[in-house]
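**Student:** Dropping the structure in here first, questions after.
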Amino acid sequence: MAASASGDKAADDSLYPIAVLIDELKNEDIQLRLNSIKKLSTIALALGEERTRNELIPFLTESIYDEDEVLLALAEQLGNFIPLVGGPEYAMYLIPPLESLATVEETVVREKAVESLRTVAGQHSAQDLEVHLVPTLQRLVSGDWFTSRTSACGLFSVCYPRVSAAVKSELRINFRTLCQDETPMVRRAAAGKLGEFAKVVELEYLKSDLIPTFVQMAQDEQDSVRLLAVEACVSIAQLLPQDEVELNVMPTLRQCVNDNSWRVRYMVSEKLTDLQKAVGQEITKNDLVSAFQFLLKDSEAEVRASASAKVTEFCANLDKACQEQIIMTSILPCVKELVADSNQHVKSALASVIMGLSPIVGRNNTIEHLLPLFLIQLKDEWPEVRLNIISTLDCINDVIGIQQLSQSLLPAIVELAEDSKWRVRLAIIEYMPLLAGQLGQEFFNQKLRDLCFNWLNDHVYAIREAATLNMKKIVQTFGTQWAETNIINQILVMYKNSNYLHRMTCLFCINALADVCGADIIERLFLPTIKVLSTDPVANVRFNVAKTLQKLSPFLDQAAIDEHVKPILEKLNTDTDVDVKYFASEAMVSSAGGYNGVGAGRAVD
């Protein structure tokens, strides 16, 4: 009797996890249902492999009627379930629930289900693949709803390489059927997977089956299908021998370059450098250069902007034997027009890459042809254009030196430094150390130093914060001797400012410069200023004094800590403000170990 009762109890315990899961999945609270799905692996471990296969998976298959968020989590979990059902030989048990999920209406759920099915397919043996996954694929292909047919498109490339010749033939027929489906969404899905499928199909069938399909899709009535055919164009061109690319790919590509839809032309522009590498130098010279010119002059700004962003990369990939001649006669005239384009995004895209042409065309061509264009862009009305030119100055510096641009740079830098948009001001700050290194100390001291001080007093905190880091990087560039002569006194004088935010900025600068200035400057110049600020009427300033001393202590020897740091911290530790006392005590604990040699006495030469 007792043995029977204990057996019943054990059975109840073993059923408990799935009972809890059933209850939670039926709960009205979506978050509870979602949490239970995310715990599926724990439940599967509790049940064991056999019961997971025989009870949990069937239950999940039957309960796929829920919110999209729950179904998405389920599709993701099932992709990781192979070890929990007993390994690859039992992977087929995961196909039914994933097949159901691959037919739901929500796109992200279907895509995740297909991703998991691809993972499961990779674990199948070739025999199991034909027995279990290929029939699933064929059911999806013949489904009444477009949802199942779109999902089917993603499974061809994982099944095809590992099945028999007869099944391969069926799969090619099925794929071509989907490419001609009456529903645009299915054709779009098939076009998106055409390049992927082409990579696993034998060359013979690529030419006989898929290329005619590719040509047909590039002429589809829906531009959303045609633009995806452009992506397939790259894959097919990579797979074909060079002599067959001209015959099988280029007629379709020429057609896409002149397509009525700007979205198709935009896709050609986006993929042009990939196509350039795939088709080879001869076809590039004969066809793609003229296609690129056409795209650079396109009537749609989006296409021109995309093509402009590819100028340097396209030119760099040209055959070295005729590179300069093609750039100067075919590409540069288009670039000159784009510099004065009516659309700011086109000019901005071009400005982000145009400097990269300098190393390609060389010093003389840069000075004669590119330099006038750079000067025009430095005076452009749009901050983004000027900023993009300044951000790539290192390219031209290596070719002709930045002095050629210095007088034109200054007005552009000043305008950006004072721009009403704080993000523009922030961006130019980040390039200031680069400019300082390239323009040299004299130019910086005369023209740019005051800008850096103005940023320390900016009304936006992010600008003040960036400006302190900027000062540190410039000191790293010019050295501590320059810093002591040119900037440290001007920074320290901020402790007298009536605005407590500026007094805090003084402390932040001390924090940043401590890493590069060394113990001598810290003890001789920074500590007297910190001592004055330790009696500041604003508590925020006083507790930042404590934090600053904590930062400086590792750079000082024990004698300096005992003489200068500890008295200040002891006084702050008796402060009336609780935050000041807290940070002071933290700093006292930190500095109790005294001098540890980290960076002490070290300075940037």
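Glycine is no exception: its Cβ is also placed from the backbone N, Cα and C atoms.
Straight from TrEMBL, here's the annotation block:
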- 17-55: repeat 'HEAT' (REPEAT)
- 94-132: repeat 'HEAT' (REPEAT)
- 171-209: repeat 'HEAT' (REPEAT)
- 210-246: repeat 'HEAT' (REPEAT)
- 249-287: repeat 'HEAT' (REPEAT)
- 331-369: repeat 'HEAT' (REPEAT)
- 370-408: repeat 'HEAT' (REPEAT)
- 409-447: repeat 'HEAT' (REPEAT)
- 526-564: repeat 'HEAT' (REPEAT)
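Give me the lay of the land around each of these features.
**Tutor:** Per-residue pLDDT, averaged along the repeat 'HEAT' (17-55), amounts to 75 for this model.
Residues 134, 137-138, 141, 146, 149-154, 156-157, 159-161, 163, 216-217, 220, 222, 224-225, 228-229, 231-236, 239-240, 244, 248 of the same chain sit 6 or more residues outside the repeat 'HEAT' (171-209) yet have a Cβ under 8 Å from a Cβ within it.
Listed as Cβ neighbours of the repeat 'HEAT' (249-287) (distance under 8 Å, sequence separation of 6 or more from its ends, same chain) are residues 214-215, 218-219, 223-224, 226-231, 233-234, 236-238, 240, 242, 294-295, 298-300, 302-303, 306-307, 310, 313-314, 317-319, 322, 326.
Remote same-chain partners of the repeat 'HEAT' (331-369), defined as residues 6 or more beyond its termini with a Cβ less than 8 Å from a stretch Cβ, comprise 289, 292-293, 296-297, 301-302, 304-306, 308-316, 323-324, 376-377, 380, 382, 384-386, 388-389, 391-393, 395-396, 398-400, 404.
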**Student:** May I have the DSSP-based helix, strand and coil counts for the residues of the repeat 'HEAT' (171-209)?
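**Tutor:** Split into helix, strand and coil, the repeat 'HEAT' (171-209) gives 31 helix, 0 strand, 8 coil.
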**Student:** If we skip the immediate neighbours and take only residues 6+ beyond the ends of the repeat 'HEAT' (94-132), which ones have a Cβ under 8 Å from one of its Cβ atoms?
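**Tutor:** Distal contacts: 57-58, 60-61, 64, 68, 71-72, 74-76, 78-79, 81-82, 85, 88, 139-140, 143, 145, 147-148, 150-151, 154-155, 158-159, 162-164, 167.
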